[in-house]
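Quick notes on the structure that follows.
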Ligand SMILES: Nc1ncnc2c1ncn2[C@@H]1O[C@H](COP(=O)(O)OP(=O)(O)OP(=O)(O)O)[C@@H](O)[C@H]1O
Ligand SMILES: O=C(O)[C@H](O)COP(=O)(O)O
């Protein structure tokens, strides 16, 4: 059982500051609805219907990246999912935000601006240092309680995640509660047959470190996405580099090169790499090329190829457990969904224990008509899910547990 307090322990008629994770894919500056809104809406609705004053914190993207936007669009999607009005103020702890918070009545909901627009938010620091920031010291006195529902950001030591539990009574939201229970159970279970991990996505740094940590618990890794191309580069293929406007590879290569080479050297027998890749052909169609035929990377590769999927499917079918983190291709574009959907279909057809992790990746399930019921657990977490797999501590969970401990003393 988790050692933190939950909404069942929250006093009535509270002014509650709630941290969600609404980090979403952004297309043309607009957030795309996804499972995170649906899951967090349950916590927000429960708090509002109980008569609490509900103020929400969330982040979007990272400074300098295209997906670093205001949360105005997120408020609209969340309101639709909650079925109640969700106010929005483009401020986090300035006068405009403080006035909007003060004006809230019981049962009302207000979303504040992207926490990563605050200078105090991102620099990784101890919870004690984060509790002393102007951001936390300004907002905390306005509330009776803090609720952290952002399991999928729980691996970050950011002010909105680890600062408030030191200065307010702190509770887990319903998403935090269910994700924590599912993911820690996964980390402790033992399996009789082969354990397979499918690794892809754009956050190669997250997943490569975990491959190193999981090496005694996973029998084989099936690679795609950005991580897969970086491993192909380490294996001597002229791919895994940035071309044109792309900035997904070179910086992550420099940061992870040595670890990739050592993991490949030590566990090469357990690591399956794509044998072909897909890209946009001259007429905009999906084109494929064997990796052995690539002389130089001249275009972005956007999916693993058909032969690779055919190679990965038997490995999945004979597995006792399959964990997925990250898509094998840009599945949002139907032309490049074959890798991700092919692997998900293969998993859905087995009765193995399966977990699909990744806020963006889990969107592929509903986009391509698969059912969550086909998988043991569909996590909306990415990096946090991966760290739970390896038993690594999640700073935001630890601060909730410490807060509960202080209240018991
Ligand atoms: N070869 C590729 N080139 C560019 N993007 C890719 C490639 N393969 C997969 N992707 C992108 O990876 C994304 C999913 O992986 P990503 O690591 O970003 O998120 P996630 O695994 O769902 O977890 P998180 O919750 O951390 O976002 C998809 O949006 C997909 O478009
Ligand atoms: O989407 C996620 O993985 C979480 O929101 C964490 O986002 P980050 O990797 O930008 O901290």
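Cβ atoms here come from the backbone N, Cα and C positions, even for glycine.
TrEMBL annotates 21, 22, 23, 36, 59, 60, 61, 62, 156 as substrate-binding residues; of 116, 189, 217, the candidate listed for that same site is 116. ATP binding, as stated in TrEMBL, involves 358, 359, 360, 361; the candidate among 332, 334, 372, 392 given for that site is 332. Taking the binding-site residues 59, 116 in turn and counting surrounding C-beta atoms within 10 angstroms, the largest count is reached at 59. Rounded to the nearest whole angstrom, the C-alpha distance between residue 116 (substrate binding site) and residue 361 (ATP binding site) is 23. When the CA atoms are compared, the binding-site residues lying within 10 A of residue 23 (substrate binding site) are 359, 360, out of the candidates 332, 359, 360, 361. In the structure shown, the C-beta of 358 has more C-beta neighbours within 10 angstroms than that of any other entry among the binding-site residues 61, 358, 359.
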